[in-house]
Amino acid sequence: MDREDALPPTNPAYAALADALAKAGQARESLLLLRHMRTRGVAPDEGSMSTFVRILNGDGRYSDAVALFNNWCNGRFEVGFIDLDYSALDAGGPMQFLLADMCHDNIDDAGASGIQGVPTVPKLAVTYNTMIDLYGKAGRLKDAMDMFMGMPDYGVTPDTCTFNTMINIFGLHGNVKEAEALFASMVVRGTDPDIKTFNVMMTVFASKGDVEGVLKHYCHIGKMGLSPDAVSYRIVLRLLCERKMVHEAEGVIEGIIRSGDCVPEQSLPAVMKMYIDRGLLDKANAFFNRHCRGEEVSSKAFAAIMDAFAERGLWEEAEYVFYSDRGVRRRDIVEYNVMVKAYGAAKRYDRVRPLLEYMNESGVSPDECTFNSLIQMFATGGFPQRAKKVLDKMKDAGFKPKCETYAAVITMYSRSYLVSEAIDLYNEMKASGIEPNVVVYGVLIDTFAETGQIDEALHYSNLMEESGITPNQIILTSLIKAYSKANCWKEAQDLYSRMKNMDSGPDIVASNSMLNLYANLGMVTKVKEIFDCLKRNNQADDVSYTSMIFLYKNMGLLNESVRIAHDLQNSGLLSDCASYNAVLACFVAKGKLRECAELVQQMQEGNILPDASTFGLILSIMKKSQISPEEISQLESSYSDNRSSTSQAIVAFLYLTAGMHAAALNVCEKYMNPVLTVDQCACNVAFKVYASCGEVDKAFSLFTQMHELGLKPDTATYIHLATCYGIHGNGMSESLSSVNGFLGYQNNEVSLHKTLASCRETGSNILAVQPVKK
């Protein structure tokens with residue numbers, strides 16, 4: 001057919017074609033039809049105008065859509081304000097006729113000049129609905145309300161879609177009361193709500209976290225003779241699952257099953273996560289086996305379920321989901337990536353190789369996320385060499401690692417003291433055209449700062465600034481540490497002053513570094529200045545207090561040291577063994593036995609395990625007390641031999657010596673059960689504790705058990721045993737006679753000074769030395 005004989009396109013044809021193009025993702029091509037209409041001299045009617053406004057609205061071009069509508073209402077058809085690009089068209093594509101027509105010599109703009117129009121008003125509800133939606137998305141709520149209120153003036157009755165749109169835009173803007181009022185007005189006007197109306201209302205209340213409002217409208221759906229759809233189920237289940245309302249969610253699920261529907265796929269991960277987060281793994285497994293089987297469940301849904309398990313460290317459960325039967329459906333790469341994450345979080349690195357082998361056998365190729373996940377896993381797990389191998393494979397596969405990927409490996413190299421490898425990777429990164437960020441420079445600077453290599457630290461600091469990156473608080477803190485290790489206090493002080501002028505000021509690490517530097521140099525005034533400032537600003541931590549304690553202690557100012565130690569003890573900042581040891585050392589230096597014992601008790605109550613320094617300090621304070629050198633020597637020897645119960649025995653002995661009998665008994669009760677695992681030294685301490693606390697029966701019972709276990713009693717044991725006889729009401733002579741009987745049986749000998757010790761403990765003035773028979 002010749003061009004002259006072709007039928008001219010009509011408004012319905014333009015509208016249909018534009019709508020089809022827009023739905024196919026070709027909004028720009030659809031808008032070129034406006035230009036074609038103008039060149040053809042076809043003025044848009046209300047239907048086609050509404051279609052183009054909707055397309056502009058969907059493309060986010062709100063002002064252009066409003067301009068097109070206003071021009072149409074004023075009788076004008078102008079498209080010059082819309083940015084239309086002819087180059088967007090493919091000359092060989094299906095829309096080539098547009099180019100041909102718009103470039104045709106006979107058409108040009110002649111048709112446009114013939115378009116005549118008169119001002120008009122829209123008469124269709126769909127036009128009002130489109131404009132109301134447009135104004136709502138543009139945030140022009142007043143214009144939307146004016147358009148809605150003006151409909152009756154032009155004889156247009158709002159329909160269900162109109163109310164749904166109004167409720168939606170006001171609800172999404174947080175105007176819940178207006179949304180409720182519109183819903184009530186809808187009912188009053190006799191406009192029947194549809195399922196979308198209820199879904200919109202539930203969405204409004206869900207956005208506010210109003211569970212009661214959501215459930216009220218969900219229950220009202222059935223009363224209106226409607227049935228919930230998949231959207232309804234998703235809205236209500238999402239909110240209930242987020243709130244971990246298990247009972248209510250299960251009620252909704254039961255209703256879905258009764259109605260013959262299935263739980264929407266998008267809701268499956270939400271329900272599973274609810275059960276997992278509540279620790280209801282049995283219910284999670286049952287739900288999975290009932291609702292998450294079959295080919296209809298997508299790989300994306302499976303990945304989300306696995307991720308919920310992975311977040312809780314439940315790698316075995318995630319693995320079960322991963323290997324569950326899918327029929328013919330293939331696992332997408334996202335599932336493999338989630339499993340890598342699950343294994344990494346659980347530190348099950350041994351499971352990664354079989355996973356990758358299975359992935360290769362299934363014909364699934366790793367993507368960028370896979371490589372990044374593997375690199376992060378090995379890097380954070382302390383395997384920098386393995387992370388580097390994955391990085392190399394990533395590059396071989398054609399991917400270009402990002403700066404963050406390099407940073408993860410460089411960081412682990414640095415933490416593993418593989419400095420040369422970290423530098424090599426930094427140089428490789430630069431050679432690949434990837435510019436290091438502040439994290440990479442910060443890691444390198446801090447690595448050299450920790451080892452006191454100030455020149456290297458300054459070198460990378462200079463490189464960083466040359467690249468245009470301004471040093472942040474962390475970088476400056478690292479440099480202060482470097483200067484501190486080199487005792488370069490002036491340079492460190494200049495940086496610290498620079499940090500003071502920053503918005504956030506110096507952090508606690510920088511302040512403590514300066515405090516330690518000044519303390520090591522004996523600059524007491526500077527130390528007090530920083531410490532007092534930290535206290536005023538509630539920034540002082542255990543390191544700050546510890547530095548002050550050691551400063552005063554090393555200067556011989558023990559009273560000041562003890563004062564700071566008490567402040568630290570009462571501050572609630574004691575959080576690790578090192579800080580406890582600092583306070584303990586201060587108390588030991590002043591010979592404060594009771595304070596030492598109470599501090600160790602506080603340490604144990606806080607589940608802080610004592611270390612070798614702690615026990616060394618405890619033995620030091622006990623040496624200053626009235627404890628026989630033989631007993632101290634036995635404790636030291638047993639502790640050096642790593643005897644199983646000696647550490648607890650030392651603590652019990654400390655409590656006993658400090659007069660904390662109940663605490664001493666409590667410790668003994670714990671480590672003496674069962675007796676089979678207790679060594680000789682710990683038994684001696686238990687005898688001492690039982691005897692001193694009046695637990696004579698326990699002492700006698702323990703002695704018998706020792707004999708049955710073949711534990712050879714030593715002299716200290718007999719001294720404590722004599723004490724028990726004295727406490728039991730026997731005289732001193734009888735006590736010694738009984739003990740000598742045991743000694744004879746054991747083929748031992750009691751020396752005079754040990755007998756005197758027994759007498760001194762029992763308070764007896766009668767000395768009875770009896771020969772020991774074999």
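Each Cβ is built from the backbone N, Cα and C atoms, and glycine gets one as well.
Keep in mind that TrEMBL annotations are predicted by a computer and have not been checked by a curator.
What TrEMBL lists as repeat 'PPR' is 10-44, 124-158, 159-193, 194-228, 332-366, 367-401, 402-436, 437-471, 472-506, 576-610, 679-713. Taken from TrEMBL, the feature domain 'Caspase family p20' covers 245-296.
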Contact set of the repeat 'PPR' (437-471) with the rest of its chain, CB cutoff 8 A exclusive, min separation 6+ beyond the ends, reads 403-404, 406-407, 410-411, 414, 419, 422-423, 426, 429, 478-479, 481-483, 485-486, 488
Of the residues in the repeat 'PPR' (402-436), how many are helix, strand and coil by DSSP? 26 helix, 0 strand, 9 coil
Please give the average pLDDT for the repeat 'PPR' (472-506) in this predicted model. 88
Contact set of the repeat 'PPR' (124-158) with the rest of its chain, CB cutoff 8 A exclusive, min separation 6+ beyond the ends, reads 46-47, 49-50, 53-54, 57, 62-63, 65-66, 69, 165-166, 168-170, 172-173, 175, 189, 191
How about long-range neighbours of the repeat 'PPR' (332-366): same chain, 6 or more residues beyond its ends, C-beta under 8 Å? 299-300, 302-303, 306-307, 309-311, 313-315, 318-319, 322, 373-374, 376-378, 380-381, 383, 397
